[in-house]
Amino acid sequence: MPSPPGLRALWLCAALCASRRAGGAPQPGPGPTACPAPCHCQEDGIMLSADCSELGLSAVPGDLDPLTAYLDLSMNNLTELQPGLFHHLRFLEELRLSGNHLSHIPGQAFSGLYSLKILMLQNNQLGGIPAEALWELPSLQSLRLDANLISLVPERSFEGLSSLRHLWLDDNALTEIPVRALNNLPALQAMTLALNRISHIPDYAFQNLTSLVVLHLHNNRIQHLGTHSFEGLHNLETLDLNYNKLQEFPVAIRTLGRLQELGFHNNNIKAIPEKAFMGNPLLQTIHFYDNPIQFVGRSAFQYLPKLHTLSLNGAMDIQEFPDLKGTTSLEILTLTRAGIRLLPSGMCQQLPRLRVLELSHNQIEELPSLHRCQKLEEIGLQHNRIWEIGADTFSQLSSLQALDLSWNAIRSIHPEAFSTLHSLVKLDLTDNQLTTLPLAGLGGLMHLKLKGNLALSQAFSKDSFPKLRILEVPYAYQCCPYGMCASFFKASGQWEAEDLHLDDEESSKRPLGLLARQAENHYDQDLDELQLEMEDSKPHPSVQCSPTPGPFKPCEYLFESWGIRLAVWAIVLLSVLCNGLVLLTVFAGGPVPLPPVKFVVGAIAGANTLTGISCGLLASVDALTFGQFSEYGARWETGLGCRATGFLAVLGSEASVLLLTLAAVQCSVSVSCVRAYGKSPSLGSVRAGVLGCLALAGLAAALPLASVGEYGASPLCLPYAPPEGQPAALGFTVALVMMNSFCFLVVAGAYIKLYCDLPRGDFEAVWDCAMVRHVAWLIFADGLLYCPVAFLSFASMLGLFPVTPEAVKSVLLVVLPLPACLNPLLYLLFNPHFRDDLRRLRPRAGDSGPLAYAAAGELEKSSCDSTQALVAFSDVDLILEASEAGRPPGLETYGFPSVTLISCQQPGAPRLEGSHCVEPEGNHFGNPQPSMDGELLLRAEGSTPAGGGLSGGGGFQPSGLAFASHV
């Protein structure tokens with residue numbers, strides 16, 4: 001019987017002869033290469049390629065040329081194949097039937113296809129292997145049966161396919177390895193059984209596949225492997241066990257002596273035993289990431305001379321660096337998220353070709369000398385516990401280009417540590433504890449990261465880094481040398497937006513290969529490198545330095561305008577001097593004991609003094625650093641002076657608001673208490689309230705010292721975050737604003753209630769109208785000035801509209817402390833108590849002084865609604881004459897409290913009951929009576945006399961701290 005090539009030749013001759021008319025000349029026309037009507041054909045010599053795909057065919061064209069070598073019927077609507085349909089296509093080498101609706105193929109469907117080498121039946125609905133049909137294909141080399149519904153492969157399915165080299169059975173419903181069926185494929189070189197439901201691989205499953213080179217078993221449910229599962233695979237080079245449920249390391253791979261690429265990532269393997277790859281000396285790549293590996297034998301990776309990539313992530317129990325003896329070709333080593341504490345001193349001797357060393361997220365504390373790893377190009381040591389860099393740690397690494405030491409605890413770096421790194425272009429020292437940075441050897445840097453080193457206030461000139469393009473420093477002041485003025489720098493957030501836009505553009509242009517996950521290489525080109533390339537292409541590349549200076553990070557002046565500077569100094573002088581005068585007159589010249597409201601007003605003056613002192617400290621810093629603030633800005637922000645300034649500012653402002661709230665509530669409560677109980681709250685309770693307010697204000701001021709908020713966020717040392725601050729930094733600011741806003745609401749409610757209660761009774765016995773009016777003025781002024789602060793704070797938090805840093809800075813420097821100087825001015829200019837207290841502080845020139853001053857002072861006081869009558873001048877003269885004619889013996893050493901003069905009236909004049917002047921019915925605030933010049937009632941505020949009086953010719957006889965007299 002002739003061989004297949006012989007048969008092919010015979011059939012070719014027969015086809016050529018049949019194509020001519022018997023005994024005649026060739027006829028004009030399409031000839032033997034006529035193409036079926038719906039298909040597209042292409043000639044290849046005397047052979048024909050017919051493309052009938054995606055035409056919606058429901059049957060195979062019947063007029064196919066016998067010389068067709070390629071036939072594509074994929075993506076049609078074929079549901080069945082008739083026996084003998086392709087019998088005349090003796091020269092057909094490739095037949096594509098994928099993407100149809102074939103559920104069954106009869107036994108004689110492929111009869112006559114002796115030359116067929118490639119048969120594609122994927123993406124159909126086959127429920128089994130068309131074994132009888134395949135027996136007719138002795139030359140078949142590639143068979144695709146993937147993406148069908150095959151659940152069982154009979155023993156004789158591939159019988160007769162002795163030439164088959166490639167077999168696809170993936171994406172089916174197989175539950176076991178078709179061991180017996182595979183025994184008939186001795187020439188098979190590549191097979192995939194992926195995406196099935198296989199749960200176990202028995203021993204000797206592939207023992208007859210001695211020619212197999214590639215085996216894919218990924219995306220199954222494999223939990224166990226037999227010890228001899230891969231026995232007989234003497235030529236296997238690639239084994240894929242990824243995405244399974246393996247519980248143990250596949251020790252069966254030790255029989256694969258020619259294995260070069262091994263993948264078993266995304267399994268449940270927890271340990272890699274000692275000498276795990278002892279039988280695989282030709283291994284080049286191992287992928288086993290995304291496994292819960294907790295233990296790795298120290299000798300697991302020994303004697304793998306061909307291995308060039310090793311990636312091991314998340315093995316938390318690994319505390320010692322693996323012994324890589326004999327693994328001399330390793331180029332990329334990744335051991336992250338493990339527990340490695342120490343690197344062996346001989347590591348570089350074992351790995352002379354190492355180019356990339358990634359040891360991030362470990363517990364390394366000390367580094368050995370890496371000078372023997374002279375081919376190193378990238379080192380990643382971020383997120384470790386390294387505290388020192390020695391002189392020889394990175395010496396002689398002339399090829400090193402990128403060094404990442406971020407998120408460590410590095411305190412010191414030897415001055416010569418980087419001196420030999422001539423190729424270094426990227427250095428990352430973010431979030432360490434550096435105080436200085438040695439510059440030797442860093443002249444070629446293009447990207448330098450130093451953020452998070454709060455103790456590093458060192459200035460970096462342009463001459464230190466002539467090639468620098470991207471600089472990230474702890475403080476914006478260190479960016480000042482890279483711009484001539486504040487306008488040079490971009491507005492806050494502009495660079496960030498451009499970076500994001502650039503990232504979006506480049507990600508769409510970047511090849512897909514760079515976006516795919518590469519377990520062996522985490523150093524794909526990133527945005528920083530892209531920016532470096534773009535900057536190099538510019539004729540005059542500039543340095544992108546962050547964070548950028550601005551109004552809250554000035555380069556030259558803390559106060560950038562003379563208007564703000566003069567306003568701050570005016571606030572300082574007025575607040576300190578005026579509040580000091582208020583404190584002096586209230587506590588040194590006032591009556592004893594002090595009225596409760598007056599005591600609170602004095603406490604407010606003390607709080608305002610603290611605000612003035614804090615503003616004075618800022619003004620002094622501006623004066624001392626005039627024109628060169630960037631040289632001292634970092635030290636000022638991190639120093640004790642800034643924290644003290646912020647503490648005083650918050651303590652003063654919060655105490656002022658809380659004490660003002662207390663004063664308003666005290667006035668309102670006094671009215672209610674007098675009406676209900678006949679007496680007002682005592683001075684002791686008010687003092688307790690003052691202490692509570694001061695304690696609450698002190699707590700608020702101390703929170704930023706405990707890292708709740710921050711005083712050093714800006715050189716103003718206030719916890720109010722600038723507009724570009726992080727949302728987390730705004731939390732403390734918003735809390736303060738909301739608390740103060742609540743206090744002003746309480747104040748408003750208290751005074752509304754107070755004025756509603758005024759017409760309901762006669763409260764002149766406990767009423768000090770001047771102080772109540774003064775508190776009302778304080779509420780109005782302070783509330784009005786606090787509105788811009790609250791508005792800008794909420795606008796920044798909610799993002800209602802963009803707020804310029806200049807506006808925020810002006811409000812914080814001028815508007816926020818303005819009540820500290822306005823409050824005492826209101827007291828000094830409009831409150832009659834100040835003049836009374838000031839007179840008491842003056843030296844007494846004569847005996848009549850105290851009484852005269854008391855009487856004159858009471859004349860200057862006016863009532864809330866003009867119902868408290870003024871004392872007639874004749875009565876004052878009477879008192880003055882009496883004091884000059886005969887001086888009582890005890891009057892010289894007696895200190896009188898402030899005196900309220902109330903006229904006793906006729907008819908229906910008030911009667912004296914004890915120490916109170918009681919009006920008859922119908923005589924209230926709105927119904928005054930004519931006064932009598934000869935009768936006066938002198939009564940001390942807030943005190944009750946025991947008795948006694950002033951007779952016509954006698955002297956004063958005071959009792960206790962108060963006196964009453966009826967003339």
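Keep in mind that glycine also has a Cβ here, set from the backbone N, Cα and C atoms.
Annotated in Swiss-Prot:
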REPEAT    211-232  repeat 'LRR 6'
REPEAT    235-256  repeat 'LRR 7'
SIGNAL    1-24  signal peptide
TOPO_DOM  25-567  topological domain 'Extracellular'
TOPO_DOM  589-598  topological domain 'Cytoplasmic'
TOPO_DOM  620-644  topological domain 'Extracellular'
TOPO_DOM  666-687  topological domain 'Cytoplasmic'
TOPO_DOM  709-727  topological domain 'Extracellular'
TOPO_DOM  749-774  topological domain 'Cytoplasmic'
TOPO_DOM  796-809  topological domain 'Extracellular'
TOPO_DOM  831-967  topological domain 'Cytoplasmic'
TRANSMEM  568-588  transmembrane segment
TRANSMEM  599-619  transmembrane segment
TRANSMEM  645-665  transmembrane segment
TRANSMEM  688-708  transmembrane segment
TRANSMEM  728-748  transmembrane segment
TRANSMEM  775-795  transmembrane segment
TRANSMEM  810-830  transmembrane segment
Chain residues in Cβ proximity to the repeat 'LRR 6' (211-232) (below 8 Å; excluding those fewer than six residues from its ends, i.e. six or more beyond): 170, 186-205, 238-248, 250-253, 255-256, 263
Whether the transmembrane segment (568-588) meets the transmembrane segment (728-748): three or more C-beta pairs under 8 angstroms: no
Secondary structure content, the topological domain 'Cytoplasmic' (666-687) (per DSSP, counts of residues): 17 helix, 0 strand, 5 coil
For the transmembrane segment (775-795), sequence-distant contacts whose Cβ falls under 8 Å of one of its Cβ atoms, 6 or more beyond its ends: 597, 601, 604, 656-657, 660, 663-664, 667, 720, 730, 733-734, 737, 740-741, 744, 747-748, 751, 801, 803, 807-808, 811-812, 815-816, 818-819, 822-823, 826, 830
Segment proximity, the transmembrane segment (810-830) to the transmembrane segment (599-619), 3 or more C-beta pairs under 8 Å: yes
For the repeat 'LRR 7' (235-256), the mean pLDDT of the predicted model: 96
Remote residues contacting the transmembrane segment (645-665) - C-beta distance under 8 A, at least 6 residues beyond either end: 597, 600-601, 603-604, 606-615, 617-618, 686, 689-690, 693-694, 696-698, 700-702, 704-705, 711, 717-719, 736, 739-740, 743-744, 746-747, 750-751, 754, 775, 778-779, 782, 786, 816-817, 819-820, 823
Per-state residue totals over the repeat 'LRR 7' (235-256) - DSSP helix, strand, coil: 5 helix, 3 strand, 14 coil
DSSP helix/strand/coil residue counts for the repeat 'LRR 6' (211-232): 0 helix, 5 strand, 17 coil
Non-local residues, at least 6 beyond the ends, that sit with Cβ under 8 Å of the topological domain 'Extracellular' (620-644): 454-455, 457, 459, 474-475, 477-478, 480, 549, 553-559, 565, 568, 704-705, 711-712, 714-715, 717
